[in-house]
Amino acid sequence: MGQQNSKLTKSDIEFIGKNSNFSKEEVANIYGEFKKFDKDGNGSFDRKEFVLFFKSKLPNYPEDNLNKLFDAFDSDKSNTIDFKELTVALSIIGKGSAEDKLKVLFDIYDKDKSGILEKKEVDEMIALMKNVGVSLGKSPGDIELFIVKLFEKIDKDKNNLISREEFLTEGARSPSLLTLLGI
């Protein structure tokens, strides 16, 4: 990612418009924001720039979760997020279906890429949910009770593991889960 990527061409805007949920005008506006936060002007965000960009949009979102988002959307594992990767991220987060959002979140927390959320991975997701719930003014005790019941419902086979299928199927049925996951 070098200086050659620091300008967005008309064909880039058209490509992103066709491959995201954004209009050409929205792509151009997002690009203007992107340039403001691309402090070194190299046409991509490093981790710090990415976090600052998202903090400007989601000030209460925990930084460690923004770092997880960075890892999830760094599709080429270059430790940078170029504009196309950013628009995919924003498209899913902002305009994606509940299923798209749940898939991304599952992938973020399934660190070992096993297709199963193990207890440690579920505990990390629960911590995020508690933070979001508290930031929405809910009591920690009420959130904890809701989350425990929700995860009991999601874990259909009661093996204390949550498969991708269980998470997507039950998660899509729970608007409260989506809210507590910050999506």
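From the backbone N, Cα and C atoms, a Cβ is placed for every residue, glycine too.
Feature annotation from Swiss-Prot assigns Ca(2+) 1 binding site to D74, D76, S78, T80, E85; the stated evidence is sequence analysis. DSSP classifies T80 (Ca(2+) 1 binding site) as coil under the three-state reduction.
Among the features that Swiss-Prot reports, Ca(2+) 2 binding site is placed at D110, D112, S114, E121, with the record citing sequence analysis. All protein chains considered, the CB of E121 (Ca(2+) 2 binding site) has 19 other CB atoms within 10 Å.
Applying an 8 A CB threshold to same-chain residues 6+ apart, the list for D155 (Ca(2+) 3 binding site) reads L161, I162, E166. Residues annotated as Ca(2+) 3 binding site in Swiss-Prot: D155, D157, N159, E166.
If you look up Swiss-Prot, you'll see 25-60 marked as domain 'EF-hand 1'.
Sequence-distant contacts of the domain 'EF-hand 2' (61-96) (same chain, six or more residues past either end, CB-CB distance under 8 Å): 1, 5, 8, 12, 15-16, 19-22, 27, 30-31, 34, 42-47, 50-51, 53-55, 104, 107-109, 128, 131, 182-183. The domain 'EF-hand 2' annotation in Swiss-Prot covers 61-96.
On the 0 to 100 pLDDT scale, the domain 'EF-hand 3' (97-132) averages 81 in the predicted structure. Annotation comment: Swiss-Prot describes 97-132 as domain 'EF-hand 3'.
Swiss-Prot lists 142-177 with the feature domain 'EF-hand 4', giving sequence analysis as the kind of evidence. Long-range contacts of the domain 'EF-hand 4' (142-177) within the same chain: residues 98-99, 102-103, 106, 110, 115-119, 122, 126, 129-130, 133-134, each at least 6 residues beyond the stretch ends and with a Cβ under 8 Å from a Cβ of the stretch.
As annotated by Swiss-Prot, N-myristoyl glycine applies to G2, with the evidence given as sequence analysis.
If you measure from the Cα atom of D74 (Ca(2+) 1 binding site) to that of D110 (Ca(2+) 2 binding site), you get 16 Å.
D112 (Ca(2+) 2 binding site) has S78 as its nearest neighbour among the binding-site residues S78, T80, E85, going by CA to CA distance. For the domain 'EF-hand 3' (97-132), residue counts in helix, strand and coil come to 26 helix, 2 strand, 8 coil, using DSSP.
With helix defined as DSSP H, G or I and strand as E or B, the domain 'EF-hand 4' (142-177) counts 25 helix, 2 strand, 9 coil.
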